[in-house]
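Annotated active site, proton acceptor per Swiss-Prot: Asp14, in sequence order, evidence recorded as sequence analysis. Annotation source Swiss-Prot lists active site, proton donor at His42. The GTP binding site annotation in Swiss-Prot covers 13-19, 41-43, Arg306, 332-334, 415-417, and the record cites sequence analysis as its basis. For Asp14, Gly41, the entry in Swiss-Prot reads Mg(2+) binding site, with the evidence type sequence analysis. Residues annotated as IMP binding site in Swiss-Prot: Asp14, Glu15, Gly16, Lys17, Asn39, Ala40, Gly41, His42, Thr130, Arg144, Gln225, Thr240, Arg304. Residues annotated as substrate binding site in Swiss-Prot, with sequence analysis given as evidence: Ala300, Val301, Thr302, Gly303, Arg304, Pro305, Arg306.
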Amino acid sequence: MGKSVAILGAQWGDEGKGKIVDLLTDRVKYVVRYQGGHNAGHTLIINGEKTVLRLIPSGILRDNVTCLIGNGVVLSPEALMKEMGELEARGINVRDRLKISEACPLILPYHVAMDHAREAALGKNKIGTTGRGIGPAYEDKVARRGLRVSDLFDKEAFAEKLKDILDYYNFQLVHYYKVEPVDFQKTLDDVFAIADVIKGMVADVTTLLHQARKEGVNILFEGAQGTMLDIDHGTYPFVTSSNTTAGGVATGSGFGPRNLDYVLGIIKAYCTRVGSGPFTTELFDEVGAEIARKGNEFGAVTGRPRRCGWFDAVAVRRAVQINSISGFCMTKLDVLDGFEELKICTAYKMPNGEIVEYAPMAAKDWKGVEPIYETMPGWSENTFRVTKREELPQAALDYIKRIEELVGVPVDILSTGPDRVETMILRDPFAA
C-alpha cells in the first residue's frame, strides 16, 4: 500500500523544504505542487551543485519521478519556460516528466505590473510581496475573471478575454497608480509563443493522483512558503495569497483529505521571516546578526535578508493545530553551534498582562506581544554534517527534546547541512 505524505513549512517559510523533498523523492513516483507560484524558492544542493527551483516541483532532479502542478498553483508561463530552459540546459528531462493542471490560473504581465504598483504606493506600509504577480493572480481567480491554462488553447476566445482584463487593469495602472499600461499585442504574442509547449504537458492531475493511490504508489506533496504565511491562518494581512497549510493539499490538487497519511512539518532550529509582519522572537542584536551570517539567511528568490530570532514554540504549536502535523524535520541545527546559551519562546505575554500559549490569529493582536523565554545551555561541539544521532552533543539532544515536549510532536528528521546526504532520518514518513 502506497503512502501519501505532505511536506510543508511550519514557520514563516524558508525552512528548508526543498532539500527534504528532494531527499525523500527516491521513495515516490509523484511529487505535487499544490499552491503558490514562482514566489517559492526551493534550494537544493546535490554533490555540491546548487539548484534553485521556483515553480517546478523539487522531484524533477530524480529521473524516476513525475512532477505535477496542481490547480492551486498560479502559473507564470514565462517563469515556467525560463526554469525549464535552465534545467534542460543541464540535461534534465522536464517535458516528459512534468504534468500541469489545466485549471491553473495564469500569471501574466499585468499581474506583475499591478503587484509592483501597489507595493510602491503603500510605501513603508507595504506587505513585502516578491513582486511576481502572485496576489493579483489569486485575486482574479476569486473574482472569477482570471485566465486559466485551459483558456490558452482557444486563441480567439483568449484574445477577447485578455482584452477585457487588460482594459480593467490598464485603467487602474494609468489613472490611479500613474504608471505605464501593459501592451495587449505583446502580451498576446508572448503567451501564444509558448502555449503549444504548455499544451503538451497538460493533464488531469486529480485523476492521475487517484489512479496512483489505487496502484499503491507513494506520493509526495510539496508545500511552498510556511504556515504562518497562510492567507487564512497566518499573520494577516502580512501573508501570502494561498493556503500554505495541509488543507491546501486537497483544494489545490483534488486529492481527498482522508487519503493523506502523514504530514511532515519543516522547522528551523531557530526562526526567520522575510518581509513585513509580526515576529515576536526577532533579534536585533549581535546574536541575531550572527545567526543570519552563519545560516546564510538571504531569500533564494528575492535575495532579501531574512529577519532572525529564537525558536518560537508558540507559533509552531499553532502550526501543529492547523496541519495535524505527524512529525517534524528540524533543519539548520548546525547554525546554533558555538552559542553559549539558547532561548526558546514558550509563551506570549499580551499587552494586558495575560500569558497565552497559542498565537493570535490577526496581525493587530500581535502588537505589544512579548516573548516569554526558557533559556538552555548551548554547545561548543560541531554538529555540521553529523549524520548519526549518537554523535550529537548532549546539549543539542536536550534542545531538540525540549522543543518536542513544548510542541507535542516528535522530530523525525534532522538536517545538519545543505547537502541531501547531511541528514538523519530517525523515522521515515513513508514507513511511519
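Backbone N, Cα and C atoms are what each Cβ position is placed from, and that goes for glycine too.
When the binding-site residues Gly41, Gln225, Arg304, Pro305, Leu333 are screened for a Cα within 10 A of the Cα of Asp14 (active site, proton acceptor), the ones that qualify are Gly41, Gln225. Straight-line distance linking the Cα atoms of Asn39 (IMP binding site) and Leu333 (GTP binding site), rounded to a whole number, equals 26 Å. Remark: of the binding-site residues Gly13, Gly16, Gly41, Gly303, the most isolated position is Gly303 (fewest other Cβ atoms within 10 Å of its Cβ). Taking all protein chains in view, 27 other C-beta atoms sit within 10 angstroms of the C-beta of Asn39 (IMP binding site). Checking Cα-Cα distances from Gln225 (IMP binding site) against the binding-site residues (Gly41, Gly303, Pro305, Arg306, Leu333, Thr416) with a 10 Å cut-off leaves Gly41, in sequence order. Put simply, Thr130 (IMP binding site) is 13 Å from Gly13 (GTP binding site) when counted between their Cα atoms. In the three-state DSSP scheme, Leu333 (GTP binding site) is classed as helix.
When the C-alpha distances from Arg306 (substrate binding site) to the binding-site residues Lys19, Gly41, Leu333, Thr416 are tabulated, the minimum falls on Gly41. Of the listed binding-site residues, namely Thr130, Gln225, Thr416, the sparsest CB environment within 10 A is found at Thr130.
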